[in-house]
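The block underneath contains the structure these notes are about, expressed in structure tokens.
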Amino acid sequence: MPAGGFAAPSNGAEFEAKITPIVIISCIMAATGGLMFGYDVGVSGGVTSMDPFLQKFFPVVYRRTHEEGINSNYCKYDNQGLQLFTSSLYLAGLTATFFASYTTRKLGRRLTMLIAGFFFLVGVAFNAAAQNLAMLIIGRILLGCGVGFANQAVPLFLSEIAPTRIRGGLNILFQLNVTIGILFANLVNYGTNKIKGGWGWRLSLGLAGIPAVLLTVGALLVVDTPNSLIERGHLEKGKSVLRKIRGTDNVEPEFLELVEASRIAKEVKHPFKNLLQRRNRPQLVIAMALQIFQQFTGINAIMFYAPVLFDTLGFGGDASLYSAVITGAVNVLSTVVSIYSVDKVGRRLLLLEAGVQMFFSQVVIAIILGIKVKDHSDDLGNRWAVLVVVLVCTFVSSFAWSWGPLGWLIPSETFPLETRSAGQSVTVCVNLLFTFVIAQAFLSMLCHFKYGIFLFFSGWVLIMSFFVLFLLPETKNIPIEEMTDRVWKKHWFWKRYIDDEHEKEIEVQKNGQSYGYDPASQL
């Protein structure tokens, strides 16, 4: 998900590096940005199913949910204002992404995380103290700005500070924290829903301050990455930090490569223009497709609105929140599976297996709901309700070890150095745009499609599985700078976009520019 600066290429040989306490602590502190994002995703669905919250901000929805026969089971939560409460965060995050890309490059990863923490804290204050809908939406927009800045800086920080051999695992640490944040939000909602006096929703929104404080304090305590320091001209400080995080004085080879990578990255004057060139089309198409497909699995629809969805299916308030807690826990555990399996079995196998699992679970859910849940009657019953929760958990688990983390990991490892910054910016923007679209449209789609909403998403799962099967190459254990030769030039379809003559021209140009160049001369 990083979207600013550069990452040093790997030459296939690993640099000397110990897994030092400062790296582990820094990564844990930085990854709390994912915790904040996950909490924001999880908390909105919970509070929007709480009666006091609906009564205060969305009285029309409240009346629909309590008056018999006033509306269809599937349509009682269909309200544009209610959807805007959830989706405004992602639209704000999309806008903030453009500014975050600049601050990540010019001010560093650490300061960008600090800015994110500030936005989170102010947004939490607005939401917890909200007196009207405008105040509530402003709070969500501020939280969205925090998401935009954190989602740019945190994954980039993690990938740059981690030793090569555990980089994949530490990158997924961000996604793991997102899932933990969702689970934490579901647990909080379950507890606050029982508070008498109608102020439980304020506590749910206010407790987002905990991960916000953790991220802010973490940003104050961690050091900036060597990549960022070198990129901004602080060579000696960058070298000092590199020694500290690698736990060795033998950092000269890695340091010189970082300096060289910085020099090459600075020579690219128009990365977005370069990104549109024919030779970069495979990476761009795959990065954008993965973000669109990730949202059209239907996962965010389920995670945003899990309590609302289960309540719609007739579970009742407490039962619906309890079911959402179960799915949140499955999400966390399955993401851990991804950390251990992604570098062993590969990206394609995880995505294809998950496609089969997600498709069948959604089709079966649609069949059960089509038979048991009608517009004005609910005949789901205890056993069928349990089966629906099991099937939702089956769907969530397969997503959490595939499209969840890999939707971010694959784009981050396929873009070449000269377009990586621009490529990751596009990746984040496309993801937030389609997250906004799904968040804003889901409850209306549920009203119009009814049980067919699951057939709609299962159709997309089928399409994306065929995309993976035919168009997504395996990138496991392949150094970034070798992607062109070992992946794109050998792929049956994408090889036609790789212009050998242009590649030679770029190589000649680079050799000419670096003739007689010694990175150490900058010291």
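Heads up, the Cβ atoms here are built off N, Cα and C, so glycines get one too.
Per TrEMBL, transmembrane segment is recorded for 19-39 (among others).
The annotation domain 'Major facilitator superfamily (MFS) profile' is assigned in TrEMBL to 26-476.
Residues or ranges marked as transmembrane segment by TrEMBL: 81-99 (among others).
Nonlocal intrachain contacts for the transmembrane segment (111-130), taken as residues 6+ away from its ends with a CB within less than 8 angstroms of a stretch CB, comprise 4, 30, 33, 36, 57, 96, 100, 103-104, 136, 138-150, 152-154, 157, 202-203, 205-206, 208-209, 211-213, 215-216, 218-220, 222, 224. Summarising the annotation, TrEMBL assigns transmembrane segment to 111-130 (among others).
Residues or ranges marked as transmembrane segment in TrEMBL: 136-158 (among others).
The annotation transmembrane segment is assigned in TrEMBL to 170-191 (among others). Beyond its flanks by at least six residues, the transmembrane segment (170-191) meets 1, 27-28, 31-43, 45-47, 50, 154-155, 158-159, 162, 200, 203-204, 207, 211, 303, 306-307, 318, 321-322, 324-325, 327-329, 331-332, 335-336, 338-339, 342, 400, 404-405, 408-409, 412 of its own chain at Cβ-Cβ distances under 8 Å.
TrEMBL lists 203-223 (among others) with the feature transmembrane segment.
The annotation transmembrane segment is assigned in TrEMBL to 284-308 (among others).
According to TrEMBL, the transmembrane segment annotation covers 320-342 (among others).
Look at TrEMBL and you will find 349-371 (among others) tagged as transmembrane segment.
Residues annotated as transmembrane segment in TrEMBL: 383-404 (among others). Away from its own ends, the transmembrane segment (383-404) comes close to residues 175, 179, 290, 293-294, 297-299, 302-303, 306, 310, 313-315, 319, 323, 326-327, 330-335, 337-338, 341, 350-351, 353-355, 357-358, 361-362, 364-365, 368-369, 372, 464 of its chain (Cβ-Cβ under 8 Å, at least six residues beyond either end).
As annotated by TrEMBL, transmembrane segment applies to 425-445 (among others). Cβ atoms under 8 Å from those of the transmembrane segment (425-445) belong to residues 1, 3-4, 77-80, 82-84, 86-87, 90-91, 93-94, 97-98, 101, 147-148, 151-152, 275, 284, 287-288, 290-292, 294-296, 300-301, 304-305, 308, 407-408, 411-412, 453, 456 of the same chain, restricted to positions at least 6 beyond its ends.
Taking Cβ pairs closer than 8 Å, the transmembrane segment (451-472) reaches residues 286, 289, 293, 296-298, 301, 347-348, 351-352, 355-356, 358-359, 362-363, 365-366, 369-370, 373, 403, 410, 442, 445, 493-494 in its own chain, all 6 or more past its ends. The transmembrane segment annotation in TrEMBL covers 451-472 (among others).
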Any contact, the transmembrane segment (136-158) to the transmembrane segment (19-39), with at least 3 Cβ pairs under 8 A: yes
Long-range Cβ neighbours of the transmembrane segment (320-342) (under 8 Å; 6 or more residues past either end): 42, 45-46, 49, 168-169, 172-173, 175-176, 179-180, 182-183, 185-187, 189-190, 193, 302-303, 306-311, 350, 389, 392-393, 396-402, 404-406, 409, 476
Ranked first among 81-99, 203-223, 349-371 for CB pairs under 8 angstroms with the transmembrane segment (19-39): 203-223
